[in-house]
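Enquirer: Below are the features listed in TrEMBL for this protein:
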{"type": "TRANSMEM", "residues": "36-56", "note": "transmembrane segment"}
{"type": "TRANSMEM", "residues": "93-109", "note": "transmembrane segment"}
{"type": "TRANSMEM", "residues": "121-138", "note": "transmembrane segment"}
{"type": "TRANSMEM", "residues": "144-165", "note": "transmembrane segment"}
{"type": "TRANSMEM", "residues": "172-189", "note": "transmembrane segment"}
{"type": "TRANSMEM", "residues": "195-218", "note": "transmembrane segment"}
{"type": "TRANSMEM", "residues": "283-301", "note": "transmembrane segment"}
{"type": "TRANSMEM", "residues": "401-418", "note": "transmembrane segment"}
Amino acid sequence: MAGGVRRKSPGSPSPVWGKLHTVWQDKHLVLFKTEYTLLVVSLLWFLEIGINVWVIQKVAYTEIDWKAYMDEVEGVINGTYDYTQLKGDTGPLVYPAGFVYIFTALYYITSHGVNIRLGQYLFAAFYLMTLFLVFRIYNRTKKVPPYVFFFVCCASYRIHSIFVLRLFNDPVAMMLLFAAVNLFLDGHWTLGCGIYSLAVSVKMNVLLFAPGLLFLLLSEFGLIRTIPKLSLCAGIQLFLALPFLLENPVGYVSRAFDLGRQFMFKWTVNWRFLPEWLFLNRYFHLVLLAGHLLTLLLFAFRRWKRPGESIFELLKDPGKRRHLAQKNSADQIVLILFTSNFVGMCFSRSLHYQFYVWYFHTLPYLLWSGGVKKLAHLLRVLILGLIELSWNTYPSTNSSSAALHVCHLIILLCLWLAPPLSSAPAQTQEQKAAKDKHH
């Protein structure tokens, strides 16, 4: 009838049925084709809910730092704002102010830190949120085959342990970091910088991403428009630390951002094969620092910048550069940030077991971004397995430390040999004006 509802012909399948039919036809390729990333990671994420509950219920909790965290924030609750006077069972408070506020909240939620089981479930929620943010990054880039995500979540004993059996502060910092990366991918650079600064305020290892972030900000905005974003990061640090800075500014900075802190040899994962005197030697630390800075500069000048573009062009406003300004692609953003952090891990003075979470979720992306085509899928998975084995060897051995460095070197060389990533399509003047107004 005229004006009536148009009825679907009996033979036309619904879009959902069509999609399911395609998946069924490609069932033998679902774990290998990146277009099925969302399907696979969704199933794994829900599976992880059960795994976390099982781990909490069946595997014994191990006290390492949680009680010390609670003692440290209890000192603040009791009115002590001098950082040099705040300490726990394992030593003085050595984390920035954001850590104090977050773990103060956890202190009250867990009945003054006594309700460990509730704390474990809170950290399970942190784990699931982190995994959601990480999977969202991988779904945006679609670089890694879906079967690899099994190793990103379900197969790692150490990562589950760091989150729900140890309750370290490292996972909280990394959860905020991955939230910032997602914001950068969505084009919300100012908000992303704010969240990034919050991550730094929980633990300063997040500063390993800072060189890559600075490069991206200069690339996107030029020097003049980058300064307000850097000022926001600094302002958040000052605001959070204000009560402690007013009490003892030197004490706060020297404790919360102690770049020269000496690590104990017995806990090292990466330098076990060295004699202890060399591990503790300050000249060795300077060599590592020089190697770290030199490698970052090489990547910035030779791999991160676009071919034919001077590094100094980044200081100019994008509209005034010789080459048409192009928006960084999702791959460029993720690769530069993850590489910046990975270089820092390679040259770290010491890596402790909980530090694994600093780069664990980025390793598949780095491995599948390498420029060595002969590095087959099986070899990449083998490298992931060797890294996992190295971090699960306790205490570390000469062999486990050496294997970790070999794996790091292979990944670093593959990243160096990778071809330059293509940029996103250049923006029209209308898009650029809208973006400038938004930011």
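A Cβ is built for glycine as well, from the same backbone N, Cα and C atoms used for every other residue.
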Enquirer: Among 93-109, 144-165, 195-218, which stretch has the highest count of C-beta pairs below 8 Å with the transmembrane segment (36-56)?
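Expert: When the Cβ pairs under 8 Å are tallied, 144-165 comes out ahead.
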Enquirer: Counting Cβ pairs under 8 Å that sit 6 or more residues apart, are there three or more between the transmembrane segment (93-109) and the transmembrane segment (195-218)?
Expert: yes
Enquirer: State the residues, same chain only, that lie 6 or more residues beyond the ends of the transmembrane segment (121-138) and have a CB under 8 A from a CB inside it; answer 'none' if no residue qualifies.
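Expert: For the transmembrane segment (121-138), the list is 37, 41, 44-45, 48-49, 52-53, 56, 106, 109-110, 144, 149, 152-153, 160, 163-164, 167, 171-172, 174-175, 178-179, 181-182, 185, 334, 361, 364-365.
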Enquirer: Ranking 144-165, 172-189, 283-301, 401-418 by the number of C-beta pairs under 8 Å to the transmembrane segment (195-218), which range is first?
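Expert: The stretch with the most close Cβ contacts to the transmembrane segment (195-218) is 172-189.
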Enquirer: Mind checking which residues reach the transmembrane segment (144-165)? Cβ under 8 Å, same chain, six or more beyond either end.
Expert: 30-34, 36-37, 39-41, 44-45, 47-48, 51-52, 55-56, 59-62, 120, 123-124, 126-127, 130-131, 134-135, 138, 171, 353-354, 356-357, 360-361, 364-365, 368, 377, 380-381, 384-385, 388, 391-392
